[in-house]
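Taking it in order: structure first as C-alpha cells, then the write-up.
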Amino acid sequence: SQYLLCFLLNQHYNPAFVSLQMMKHAWDNYKRYAWGLNELKPISKQGHSSNLFGNIQGATIVDALDTLYIMEMKEEFKEAKEWVEKNLDFNVNAEISVFEVNIRFVGGLLSAYYLSGEEIFRKKAVELGEKLLPAFNTPTGIPWALLNIKSGIGRNWPWASGGSSILAEFGTLHLEFVHLSHLSGNPVFAEKVMNIRKVLSRLDKPEGLYPNYLNPSSGQWGQHHVSIGGLGDSFYEYLLKAWLMSDKTDEEGKKMYYDAVQAIETHLIRKSSGGLTYIAEWKGGLLEHKMGHLTCFAGGMFALGADGAPNDKTGHHIELGAEIARTCHESYDRTSMKLGPEAFRFDGGVEAIATRQNEKYYILRPEVIETYMYMWRLTHDPKYRQWGWEAVEALEKHCRVDGGYSGLRDVYNNHESHDDVQQSFFLSETLKYLYLLFSEDDLLPFEHWVFNTEAHPLPVLHKEDGNKEENQK
C-alpha cells in the first residue's frame, strides 16, 4: 500500500480519490467477512458485535450509507439499501446504548433519507425513534443511558456517578430528534429534547461549567467533573449545531453555546510552556492537564462557531480552533506511527504525549481529521490538507491490513500491534472527513448542512420549511 500511495502522489491524483479507495477497501472487506453483522474484525476476518447495539445488527451498513452515497459508490449504496429494507430489524429483546444507537443508526438513516430521498430510510428512522422514546420516562425527563427496546425498561451505566445520566449522551439527541419531528409530523421527539434544555437551563452551573453527570431522578448534578472530551464533548457541539440547524433562530441554543465557551476558556483552556494550547479536564475545581483524542473535535467546533461569536470575537474563535488543531497535530507527530494516542498529557515535563500505557492506543478515531476539515474549509490554509495527507499515509502504512483497517494498541511502538476491530465510525466519520477535506467546498456546504456527531449530514431547517412534511405520517 506504500507503493500505491507513492504512485498516487506522483500521478498528482486528487487525494480525495485515495480516501475513496480506502473506503472501498474497508467496505469490500466488511462485505466479504462480516456482512450484516455490526463491525468487522479485519485480522481474524470475521464479524464483531459490540454490546452497545444490543442485538440490533448492521451498524457498519447504516453508518456507511451516506459515505457510500457521497462518494458515488452507487452499487455499494444499492446493496446497503437492500439490506436495510430486508434485514434491519428493531424488534429485538436487547439493551442498547441510547446515545450510540441514536448517533449511528437514527443519524445514519436520516442522512441517507435526506441525500437519496429513499422512503425506506425515513420510515426506519422514525420507527427506531419511537422505540427510543421510553428512555425519557424518568422523573425529570432526562433519559436513561441504556434501554431495553422490547420492554422499554431503562437504567444508567453502573459506573456513572451515583446512577447519573451522562452529559454527552443525553445532550447528543437534539439534532436527530428535531429531524424526527420534522419528518414524522409528530412533535413528541422535539419536545423530549427541548425539555432536556429546560432542565439544564434551570440548574446552577459551577463556574458556568456543565458537569458530566446529572441524576435523572433528582435532577441534580453528580460529581463535579467537567470534560470537553469523553462524557462531555458532543453536548457542546450540539448546542452550536442546534442553532446552525435552526437557520440561526434557536437563540437559546446559541446563548448556551457561547456562554459555555466563555467558561471553558476561563477555566479549562491553558497553554503549555512549549506554547501548545490545550483543554484540560476539571475535577471539582482542580485541573487534570490531560487532553483526550475525542477533545480534538473542539478545534473544528470553535472555528465553525466563530462567525456568530459575540463582541467581535470571530477572529479569536478561529485562532482558538487553529491552536487546538496544531496541538492535536503535535499529538500525532510526536508518536512513532504519526497517529495520535487516545489521550495525551501536559505535566511532568511532557507535552502532547501519552504517558500511560492504557492511553497509547488509536482506534481509527476521526476527531483530529474532522478539525482539519473544518479548519481547511473555514481558512483554506494548505497546512490542513498537508496534515490530513500525513494521516492518510500513516493509516495506510500502519492500519491497513489485508482484511480492512485495524486500530493499534500502541502508537509509540515501532511494531504494529493491531486491535483487530474496524470501527463503524471509521467508514462514517474518518473516511468521510478525509474525503471532504480533499473535495471542493460545494460538496455538502456548511450553509445547507450540519453534521451530527457521527458525521451524518442533516439539512439546515430553513424557516420557510415549517412542517411541510407534516402530512407524511
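The backbone N, Cα and C atoms fix where each Cβ goes, glycine too.
For C328, the disulfide partner recorded in TrEMBL among C296, C399 is C296. The two recorded residues E367 (active site) and C296 (disulfide bond) have their Cα atoms spaced 5 Å from each other. Counting every protein chain shown, the number of other Cβ atoms lying within 10 Å of the Cβ of E367 (active site) is 24. Put simply, E342 (active site, proton donor) is 19 Å from E100 (active site, proton donor) when counted between their Cα atoms. Closest in space to C328 (disulfide bond), of the recorded positions given as D233, E342, T453, is E342, taking the CA atom of each residue. Cα of C296 (disulfide bond) to Cα of T453 (Ca(2+) binding site): a distance of 13 Å.
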